[in-house]
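See structure below.
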Amino acid sequence: MPELPEVETVRRGLQPVLEGATIALVEARRPDLRFPFPEKFSQRLTGKTITALGRRAKYLTMDLEGGPVLICHLGMSGSFRIETADGNDMPGVFQHDRSKSSNHDHVVFHVVSPAGARSRVIFNDPRRFGFMLFAEGPDVHPMLAGLGVEPTGNTLDGALLASLMKGRRSPLKAALLDQRLIAGLGNIYVSEALWRASLSPLREAGTIARPGKKAQAQSEHLAEAIRSVISDAIAAGGSSLRDYMQTDGSLGYFQHSFAVYDREGEACSKPGCSGHIERIVQSGRSTFYCRTCQR
Ligand SMILES: [Zn+2]
């Protein structure tokens, strides 16, 4: 499942082609992906100008002049490919490789830029867990309505994080993965942020919201770690977008920057720490952490 930074790199790659463009035609080549396409899917998009391409958690949102908003989710294996007169591009940086087989091209957006340049933006999804739905406005769709705060930008600070964790008895990692509290934070980046903040994924979430300077410092450190781990990953992806097609096609480079994720048995890389990275299972999912420096 792509994580928030991967979705954001896709958004940034699509933005120059889609924002301001007018949709000349949409081909939906099958009746459904994870869900059936909305009624009159193509008709409601055709002729519309795309005023903004946004992101909420792991959802891409395409604002159309006069409405509606198109909500896209990449699912497990979805990707977009851009075909222009200048060549092709697959925006975004993914931990797992994306399909290049046109057998799985399920939706094709034919768009025209304000300058008249024609492009095709193609949604490819071999496993078809992705979806496209309409909403009448941002945050109106039930899938978006209950989402918590974004871990990007400066909104999530220590005080807000402490207020979200206050009184929670669940493990800290589980609370951080709760999409109603923080939206779009996934398994990989929670492990990374907890390591940066030297906090155990097993501790009770509410402990970082207790009165006193120690808990205050912990919540501030963790909020900073969450924001920086996400922004570092987006920056790493963004920098490779331009020359992506010249590389060997390998998309799995995010993991090189992971400090703990998928590094079971390796020495902890925190200065002064002699511990090793362990893998444990929490709520059925892998957690990687160093019990020596994460308390
Ligand atoms: Zn350590």
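Even glycines carry a Cβ here, placed using N, Cα and C.
Unlike curated entries, TrEMBL annotations are predicted automatically.
Copied over from TrEMBL, here are the features:
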type	residues	note
ACT_SITE	P2	active site, schiff-base intermediate with DNA
DOMAIN	2-130	domain 'Formamidopyrimidine-DNA glycosylase catalytic'
ACT_SITE	E3	active site, proton donor
ACT_SITE	K58	active site, proton donor
BINDING	H104, R127, R168	DNA binding site
DOMAIN	259-295	domain 'FPG-type'
ACT_SITE	R285	active site, proton donor
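Sequence features, as recorded in TrEMBL, placed on the structure.
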| residue | record | DSSP class |
| --- | --- | --- |
| P2 | active site, schiff-base intermediate with DNA | coil |
| K58 | active site, proton donor | coil |
| H104 | DNA binding site | helix |
| R127 | DNA binding site | coil |
| R168 | DNA binding site | coil |
| R285 | active site, proton donor | strand |
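Outside the domain 'FPG-type' (259-295) by six or more residues, the chain places 171, 173-174, 177, 187-188, 191-192, 194-196, 198-203 with a CB less than 8 A from a CB of the stretch.
Cβ neighbour count for H104 (DNA binding site) (all protein chains, 10 Å cutoff from its Cβ): 19. H104 (DNA binding site) sits 18 Å from P2 (active site, schiff-base intermediate with DNA), taking the Cα positions as reference.
With respect to R127 (DNA binding site), the closest of these active-site residues in Cα terms is P2, chosen from P2, E3, K58, R285.
Listed in sequence order, N187 are the same-chain residues at least 6 apart in sequence whose CB falls under 8 Å from the CB of R285 (active site, proton donor). Residue counts for the domain 'FPG-type' (259-295) under DSSP, helix first, then strand, then coil, are 0 helix, 14 strand, 23 coil.
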